[in-house]
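Student: Have a look at this one before I ask anything.
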Amino acid sequence: MKVEFTPEQEALRTELRAYFDELMTPELRAEVDATPGEGGGELFWQAMDKLGKDGWIGVGWSKERGGRGMTAFEQMIFIEEVMRAGFPFPFLTTESVGPILADNASERMRDLLVPKILEGKLIMAIAYSEPGSGTDLASLTTTAIRDGDEWVIKGQKIFTSLAQHADYVWIAARTNQDPAVKKHKGISIFLVPTTAEGYDRTPIHTLGDVTTNATYYDNVRIPADHLVGELDAGWKLITSQLNRERLSLVNCGPVSQLLNETMQWADKNHYTNGKRVLDEPWVQMNLAKVRVGIEALKLMCYKQAWSITNDKLEMADASAAKVYGTEFFIEAYRLLAEVLGQVANEHLDSKGVQLRGRLEMMYRTASIITFGGGANEIQRDIISAAGLWMPRASR
Amino acid sequence: MDFSFSEQQQDVQNLARQILTEEVSAERQDVVDQQPDRFDKALWAKLAEAGLLGVSIAEKNGGMGFNFTELCFFIEEAGRTVAPIPVIPVLVSAALPIQQFGSVEQQRRLLQPLASGKTLITTAFMEPMGEDPATPLTQARPQGAGYVVNGVKTAVPLAHLSERVLISAKTDNGVVALMINPRAEGVTLVPLKVTSGEPQSEMRLENVLVATCDVLAGPEQGGELMTWAAQRTIVAYAAMQVGVSDKSMRMTASYTAERQQFGVPIATFQAVGHRAANCFIDVECLKLTAYQAASLLEADVDASTEVEIAKVWAGDVGHRVSFASQHLHGGIGIDKDYPLWRYCLWARHIELTLGSSASTLAKLGEKIAKGEAYVS
Ligand SMILES: Cc1cc2nc3c(=O)[nH]c(=O)nc-3n(C[C@H](O)[C@H](O)[C@H](O)COP(=O)(O)OP(=O)(O)OC[C@H]3O[C@@H](n4cnc5c(N)ncnc54)[C@H](O)[C@@H]3O)c2cc1C
């Protein structure tokens, strides 16, 4: 075991850190801070254009597909730095859906969409969840029925994030109604243009200030070649997409950045009694706990990325990282917020805001990924079954 | 970055696992428990014969000449079987500093018989109310080219069976590292009965003479030696905790898969499966932090932060996995006819050896206050 980066990886990280330092101008920062995690503003699209031109979109894509052909490890370094910088990089489109689309979409759609993704000009929304189908995703009821050269999509989705500025929705729909067929064997993936007739959306405002959407499909007609992959074989695309998503979810970049900034903050700030915040034993204890937790998360992420690169990823390990990371974030934000005290309640556009309001925002939004990206209970089911060979209840 | 382990490291692991799982049966443990000392001499001899006692002792001193990670793998396996043998005090805390800091004569005289299992050399790192061997209260006064020592050491493993005991003591010029002959005049060993059952003593030193040949490091290097040895000892205990907690977790998984209540295996209850899953996550965190620290120490880079981090995980994970395992076993988990109880006691032993999670966090916190522990 050797945990150091190679000199090339170290150089990549240094290059990216400097790159994003420059990219994140105060104006861009203000714009993305106003719509946390979403992007979609004018400066955001300019930045995406630059990222595309500079070849930073599709770091992990093969060269034939127009990417940099780097391994999952370099891709993780990239995501760590984007996330540290706080740029709402649409990595679900570029790193998760994108490569799967490139491998499975019809030739025409691939040639149409892939270049745009790599140029930073196209974002996709993902529509799996439905009002009645969350964790039990395979129970989804939105249908796609073939009619001549077209598919007709009918149903309703919920929590379709980024749909407000997406060009396409990557949607899961039921294509096989035969009750004898297992639920997850009758699902296919389609591309729905957000300009299609019969498509509609309404915003959902969340406590984290992030906007997501309910999306509606009232007999939306799409050409036959908007089917991705094989008919009824969408489940495999969904699971491999989610696997790619998971490692980004628990990336340790943002929490590392926040710890470092909180340590600097506690060094500079003094209590009314004149004592430096960092001199309080309980402050040191809180910071030490976060430091200890981050180290494990960092190693878990590095190990996952290394395992993916070497084709050795174990299901239980991936789930362990997801559960540990998402629950650790909440604990870490709490411990850091305690150090800042009441100012950790001050919203980013408030007057005396500290650490650009990032900690306040992240503590407020941290709960999303404990259930999103696969509820942690399901991940624990996977760990006990695949990691410890324990029998599970039939479901 | 590379998370795999070399063939050589895996060979050591396999060899250790094979011998230890074959030799350390529950019946054999019971027999050893009946003896006055919890030390399986026959097993020790067998391990010596296989070369394992000399895993990281240089070939010129009768060992295999492998690195620290290989030694940690062997120790992890000892943890996995809670083998009644002093792998850490002898092979890590004593042998490694002798090899690193001792004179050629000391290395030759002390390490060869140690690697071949003929003699034990143990280590006394703890004092009553003192957990840092680099800042001892025990005093050493120069006398000729040797020293006269006064003080008290505690929790000394197998002192009465050892040829020498490595200690630290302070002089007017700094800390020295000395080898005490436990049978020398002025040494009193008071047997202690402790949680894990390891045979330990309190060692009182009253005007004990230490000859020059038993001075491992003088005041210019003694403190450094002690910190060096303590860091490796802490990481070795973390590796042992990996074995202890991984095995108790896996015993729990198998047990709950078999044990039925309400007509189904109790493992199928989510509350049970999930608590085991939490143990899995914990063990993974401990394993990664422990072996990161081991590999950094092996590379001889400054790893004090990573060592502290591994120590905190060793304490916390040992605690959580041990009590989760007992809980999920129900009554059988604490029945001494079922092997789990030993693991729980060793988890506790490791948790409190050379500092607890809380005291280590406090140390790390002080470092943070000095701006020394930023995340890169
Ligand atoms: C901000 C935000 C953005 C999102 N973006 C998207 C998106 O872009 N695309 C998309 O498709 N979806 C998206 N989602 C939806 C998200 O994936 C779902 O919220 C998630 O899958 C959980 O489904 P649910 O909310 O219906 O909870 P439910 O399925 O109702 O589950 C609620 C809770 O019940 C428990 N539970 C459920 N089943 C089990 C079980 N079998 N065992 C034990 N416990 C169980 C778990 O604790 C779970 O967290 C988003 C959600 C949010 C909040």
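Cβ coordinates come from backbone N, Cα and C, glycine included.
What TrEMBL shows for this protein is this:
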DOMAIN    A:6-121  domain 'Acyl-CoA dehydrogenase/oxidase N-terminal'
DOMAIN    A:125-208  domain 'Acyl-CoA oxidase/dehydrogenase middle'
DOMAIN    A:233-386  domain 'Acyl-CoA dehydrogenase/oxidase C-terminal'
Student: Counting by DSSP secondary structure, give me helix, strand and coil numbers for the domain 'Acyl-CoA dehydrogenase/oxidase N-terminal' (A:6-121).
Tutor: 78 helix, 0 strand, 38 coil
Student: For the domain 'Acyl-CoA dehydrogenase/oxidase C-terminal' (A:233-386), what's the model's average pLDDT?
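Tutor: Here the predicted model's pLDDT, averaged over the domain 'Acyl-CoA dehydrogenase/oxidase C-terminal' (A:233-386), is 91.
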Student: Quick check on the domain 'Acyl-CoA oxidase/dehydrogenase middle' (A:125-208): DSSP residue counts for helix, strand, coil, in that order please.
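Tutor: The breakdown for the domain 'Acyl-CoA oxidase/dehydrogenase middle' (A:125-208) reads 9 helix, 40 strand, 35 coil.
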